[in-house]
Structures are given as structure tokens and as C-alpha cells.
Amino acid sequence: MQLMKKARESASFDSFELTGLMHGGRREDVVTQRRAAFERVEKVVGTRDISKLPRCYANLSREDQYEEGLRWGKAAFEDGIKYQHDFFASTTPRYALANSNPFGMNAIMVEPTIEFMASDDEQKAKWLPLTKSGKIVGAYVQTELGHGTFVRGIETSATWDATSDEFIIHSPTISSTKFWPGALGFSCTHIVLVARLLLGSVDHGPHFFIVQVRSLEEGKPIPGIKLGDIGMKMSYNGTCNGFASFDKVRIPRTNMLMGHAKVHRNGNYERTGRPELAYSTLLLVRGIIVRGMVPNVATIMNTDYPLAVGFQLAQSVTIATRYSTVREQGLGPNSLGRTEVAIMSYASQHFRILTLIAKSYAIVFASKAWDRDYEKLREEQDTGDHASLPYFHALTAGLKAWSTQTAADGAEDARKCCGGQGYLMISGLPEIVASVTATATFEGENYVLWQQVGRYLFKCLDHLKQDKPIDSRLAYLATAYQESLDSTIGEFDATASASCSAFGSDFLQRGAQLSIYRHRTTRLTLSVYEKLRSSTKTPIEAWNEHMMSIISAARAHTEYIAVIFFTERVKDLPASTSSALRAVLTRLCSLFALSNIINPQSIDAISFVEDGYFSLAQLDTIRSLVDDLLEQLLPDAVALTDAWDFTDASLCSALGMYDGNVYENLMRWINQLPINKRAWEESEGVYQPGWKKWVEPLLQAKL
């Protein structure tokens with residue numbers, strides 16, 4: 001289509017250069033290998049021919065959807081083993097070896113748990129080769145019907161039997177039924193189980209155990225274990241999220257993962273590592289949601305993929321960008337034309353789409369920084385230094401909450417940008433929206449995670465008051481504390497207001513942008529901290545009373561971190577980066593930082609202005625600069641989304657195909673819908689079951 005061709009020709013940079021930067025650093029061979037892997041898998045599952053209606057839009061039952069997940073998962077898993085790559089470790093739900101199909105839990109949760117929690121010798125040597133080669137199919141089983149985020153409340157028990165040298169796994173109540181784990185229903189053969197360790201009368205709390213749940217020969221559940229599927233969900237129906245209950249099931253004592261705690265043959269309990277290390281798996285999984293890559297500890301720092309939720313947001317905005325580029329409606333903003341214009345030319349449309357593009361890249365660049373900090377944490381822990389773990393816990397919790405909510409809200413807005421067509425299932429957008437929405441809940445509900453960030457910030461302030469050091473990456477709090485000492489004789493001054501000193505083009509500078517976000521998070525954090533300290537209520541009551549202010553402070557802190565990460569990434573681009581790409585990413589970074597301040601849809605945007613930090617003139621300047629950035633970036637919108645390198649099959653969208661022939665593609669798929677084919681092939685356009693049973697009797701009835 002000419003409009004799409006023209007849009008691509010108007011780009012100011014080479015989109016392939018950006019593709020290489022995101023998927024393979026500067027290594028073009030990685031991009032080539034990745035494309036080849038997608039092509040192979042798409043041929044195996046039969047989606048390479050995008051003229052054919054995808055099977056997912058062909059009236060699939062619950063059973064059909066599960067089998068589709070098995071088909072996709074097996075093809076991707078086997079391709080990774082055969083060609084020695086991890087491109088499908090976590091990309092989008094259609095291609096991810098994650099919770100979207102039954103084979104993903106081996107890589108995303110089972111293997112890292114074994115890596116972190118198993119003993120170095122026998123346990124890792126026994127289990128890891130089996131999971132990596134697909135000889136067993138694993139699931140990570142923690143969540144219970146009555147217990148989710150509150151891990152300490154888990155009821156499933158593992159009681160040591162001294163006579164047989166075994167653990168007895170038992171579900172004592174209906175609420176202790178394991179509920180939700182991916183692949184648990186009908187696919188997994190083994191699970192990593194989180195259960196309470198009971199030694200005599202002593203409850204040692206949750207520990208990790210490997211339990212075989214199905215026969216490797218026939219697939220039947222092990223006696224004493226009841227397994228099943230939990231039914232249709234909003235999305236992720238390609239996997240069998242399931243339930244499990246245990247009736248005094250026995251496993252060998254050596255099936256307890258004993259890397260950090262051991263139970264000896266005589267029943268003695270020995271803690272061999274710090275209790276905090278039990279958080280490592282949970283932190284890693286949250287980070288994977290944020291960073292979207294294979295969690296193989298041995299290679300985790302040597303790969304660099306976009307985030308899972310960043311991918312999902314990028315998919316939705318790619319579809320919306322392409323559709324908006326070719327969808328013509330109205331005579332244009334000035335009403336002077338004689339032909340209709342693309343809806344992308346309207347400010348309300350390109351404001352929404354370009355800011356969503358900026359957010360998707362912000363999530364990606366946050367993942368790069370997460371990689372760096374995670375690597376540093378692991379190096380420190382290898383030497384016995386765990387001081388950074390609280391910081392990293394708060395960082396991961398905040399990034400998980402921020403990125404998943406940003407992606408979920410953004411995907412829905414991208415759907416709305418496509419008007420009524422975006423409501424069609426064959427647009428691909430409803431499924432993306434439904435799948436990314438789930439990420440705001442699993443592995444830590446976001447509003448709970450925001451509170452964990454808040455607790456960490458307040459603990460840092462407590463340390464400052466006690467003259468204790470805090471993590472250097474929280475230097476802004478230390479600076480605020482010192483300034484408070486200078487002005488208020490030892491007490492935090494949460495009400496003191498400052499004025500923004502930036503004017504004009506100053507707002508495009510990294511320093512000014514960071515100063516704005518730093519001021520907001522400092523003010524909100526100190527304010528709610530003082531309210532908690534001065535409250536006459538119990539700590540729990542005070543926390544509940546000020547919970548929404550705590551969440552606002554935590555979100556502001558995380559958005560400040562996101563701006564730091566985005567600006568750092570742009571500042572530290574490889575020296576070989578072209579000036580054209582550098583300029584585009586610099587503009588995109590500024591758009592992200594400034595549009596959040598004045599975007600009507602920004603969460604808690606009022607906190608930027610409620611203390612009078614900005615003058616009206618400064619806010620008008622920011623709006624004007626955002627308009628300029630939008631005008632400069634508009635010709636690059638298609639190229640910025642092309643750079644994600646999505647195949648048409650992976651988008652699975654009649655609206656978002658690379659060629660831009662939206663109406664032809666839409667009607668080609670519409671005509672292949674089973675209900676339409678049946679009507680035209682059997683009865684010249686009449687859907688007989690509906691007509692004969694319902695419509696015709698109504699027409700002939702005497703009412």
C-alpha cells in the first residue's frame with residue numbers, strides 16, 4: 001500500500017540498526033539467527049502463510065486451545081535444543097516458552113530454582129540435565145487456593161518420617177490446594193513444590209521440594225495426587241494452569257533442595273546459607289517478567305532481549321501504528337484537503353501512539369539496567385556479600401509493578417486507537433490486552449509490590465536518622481536528609497517546596513528531567529514518611545490509612561528510576577551508533593520523560609504540580625516541547641515499530657501486517673471464518689442451524 005511505503009521512506013534512521021541494538025547488540029548475525037528460528041517454527045506450526053486464517057480464530061474449544069499450546073511449545077522447545085538458542089525463552093505469549101504453553105516452566109522457573117536452591121553436586125547433576133533436555137516437564141508450584149502473595153501462609157506440608165527417611169507431602173485443607181501454576185493440569189511430570197518443612201514439632205516454614213506427579217510412561221498421576229485444569233481464563237489458554245492436592249504422598253528426603261538448608265539422615269536441620277537467598281527465585285521470575293529472557297543462571301548475563309511485557313506493549317502499538325498509517329478518515333486537521341487523510345495525522349492519535357512507543361522502549365532499556373544490577377548482585381552473593389539484596393528486591397518489585405501496569409494500560413489504549421476494528425479478535429489486540437493484563441497480578445500483585453517498595457524507602461530513611469549508611473543508588477534520599485538537617489535541625493522537612501529552575505530548551509536536557517522526577521519522589525516519600533511517624537494510630541492502622549500515599553511515593557520512585565535508566569542507555573549508546581539513530585532515541589527519551597508530566601492519562605500526574613514546583617509558563621513550555629517532539633518523531637513512527645522485527649505470524653493481526661493492506665487482509669480472514677464458510681459452502685449464504693431453529697420460526701410465528 002502506498003501510504004505504508006511512503007511512511008517507511010520518510011524515516012530519518014535505519015530501523016535495522018535499531019533491531020540489531022535491541023536483539024543482538026551490534027551483532028547482525030544474532031538478528032539473522034533469530035529470524036531463521038522464527039521462520040522454522042512458523043513453518044512447523046503452519047502459520048508462515050499469513051493469507052490463511054490462523055487456527056486460533058477458528059472456534060477452538062478449551063481442549064483445542066490446550067493442544068495448540070502443546071503444538072507451539074513443542075516446536076519452539078525442540079528448535080531451541082536443536083539449534084542451541086533461547087530466542088523463544090520469553091518474547092510474546094504466542095512464541096514464549098513461558099506461561100503461554102506447557103513447556104515453558106522448565107526454563108523460566110524450574111531450572112533457576114534448582115540452580116539457586118539445590119546443592120551443587122548431586123542435585124544439580126541429577127535434575128538440570130533432565131529439565132534442559134526435556135526428559136521431564138516441570139512446573140513451579142507455590143500458589144494455593146487460599147494463599148498467594150503471603151508465602152508464609154502456605155499450608156501444604158512436608159513432614160519428615162524418620163523411620164523411612166522420607167517426607168510426607170500433604171494438603172491438610174481445601175484452601176491448601178495448589179492452584180494456578182502453569183503446566184500443572186495435564187502436562188508436567190515433576191514439580192518444584194513449595195511446602196512447609198515440619199520436623200517433629202518444629203515448623204521451619206516454606207522450603208523447596210522436587211516431586212514427581214505423573215508417570216513418565218503413561219502420564220497417570222502418582223497415587224495420592226489429584227491433578228486437573230482450572231478452566232478457561234482471559235488469556236494464556238494454551239497452557240494448562242492447574243490444581244493439585246496431596247494425600248500423604250511420600251518422597252525421598254534427598255528430594256528436598258538443600259543448597260541453603262539441609263535435613264540430615266538423623267533429622268537434624270542445618271541452615272547452610274542466608275534465609276534471604278530463598279527470595280532469589282522469586283526475584284528472578286519478577287525480573288524475567290520485566291526483562292523477558294531465559295533465566296539460565298550460567299548464561300543469564302550474556303543475552304540481551306527485550307522485556308516480555310515490553311514486547312507485548314510493542315506488539316499492540318505496532319499494530320496500532322500500522323493501522324493508523326493506512327486508515328484514512330476525515331479531511332485532515334485543517335479541513336482543506338479534498339481527500340481523506342490517515343488518522344495518524346491527527347494530534348490525538350499520534351500523541352497516544354508515539355508516547356506508547358516511548359514507553360515500550362523505556363521498559364526495554366529498564367531491562368538492560370536490571371541485567372546490570374542483577375549481575376552485580378550475583379557477583380556479590382558469590383562472595384558472601386548480600387548487602388544489595390534489599391535494594392534489588394525493591395528495584396525488582398517496583399519495575400515489575402510499573403512495567404506491567406504501563407504495558408497493560410498501553411496495550412488497551414493501542415486497541416482503542418484502532419477504533420471498532422480493534423475490538424475484533426482477528427485484530428490480534430484483544431488477546432494481547434488480555435495476556436498482558438495478567439502480568440499485573442501473577443508473581444506479585446502490583447499494589448502489594450508498591451507497598452514493598454515503600455517499606456524499603458522508609459527503612460532507608462530510618463537508617464539515615466540513625467546515622468547508618470544506605471545503598472549508594474538511593475543517594476537522592478541521603479541528599480534530602482542532609483538538606484533537612486541543615487534547615488530544620490534534625491527533622492525531615494516534608495513540606496518545604498522548591499521551584500523548578502529550568503526554562504525553554506533546558507527541559508530537553510537529562511539533568512533537568514532527572515531533577516523534576518527526583519523532586520517529586522523526594523517530596524512524596526518524605527511527606528508520607530512523616531505522616532506515618534507522627535500518627536497516633538498503631539503502625540498497621542497508620543499504614544492502611546496512608547496506603548494510597550505510600551503507593552504514590554513508591555510509583556514516583558520507580559518512575560524516577562525508569563527515567564534514569566532510559567537516559568543512561570541513550571547517553572551510553574555504543575560509539576558506532578549512527579547520529580541519526582542517536583538523535584531519534586534522544587527525542588524518544590525526552591518524550592517519555594516530559595509527556596508523563598502533561599499526559600491526561602498519566603497516573604498521578606497531579607503529583608508533579610500540586611506543590612507549585614512548576615509555573616504555568618513552565619508547563620506551557622513543556623507542552624510546546626512535547627508537541628515539537630511529536631512532530632519530529634512522527635515520520636519515524638513506523639520505523640520505530642518495524643525495529644522490533646515482529647513477523648506477521650507473531651502479530652497474528654489482520655490490521656497490523658507489514659504490507660499495510662489492511663482491508664484486503666481483513667476480508668480475506670473474515671471470509672475464512674468457520675461460520676461464514678459453512679453458510680456459503682452448504683446453503684448459499686444461510687447459516688442453517690440458526691435460521692431453521694430460531695429466525696424462521698420467529699418470522700412465521702403469530703405474535
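Cβ coordinates are placed from backbone N, Cα and C, and glycine is handled just like the others.
Feature annotation from TrEMBL assigns domain 'Acyl-coenzyme A oxidase N-terminal' to 17-137. The FAD binding site annotation in TrEMBL covers THR143, GLY182. Annotation comment: TrEMBL describes 309-457 as domain 'Acyl-CoA oxidase C-alpha1'. The active site, proton acceptor annotation in TrEMBL covers GLU443. Residues or ranges marked as domain 'Acyl-CoA oxidase C-terminal' by TrEMBL: 513-699.
The 10 Å shell around the Cβ of GLY182 (FAD binding site) contains 28 further Cβ atoms across the protein chains shown. Across the domain 'Acyl-coenzyme A oxidase N-terminal' (17-137), the prediction's mean pLDDT works out to 86. Sequence-distant neighbours of THR143 (FAD binding site) (same chain, 6+ apart, CB under 8 A from its CB) are LYS178, PHE179, TRP180, PRO181. GLY182 (FAD binding site) and the residue listed as 'active site, proton acceptor' are 12 Å apart (CA-CA, integer value). With a 10 A radius on its CB, the residue listed as 'active site, proton acceptor' counts 22 other CB atoms from all the protein chains. Here the domain 'Acyl-CoA oxidase C-alpha1' (309-457) has, by DSSP, the following mix of helix, strand and coil residues: 116 helix, 2 strand, 31 coil.
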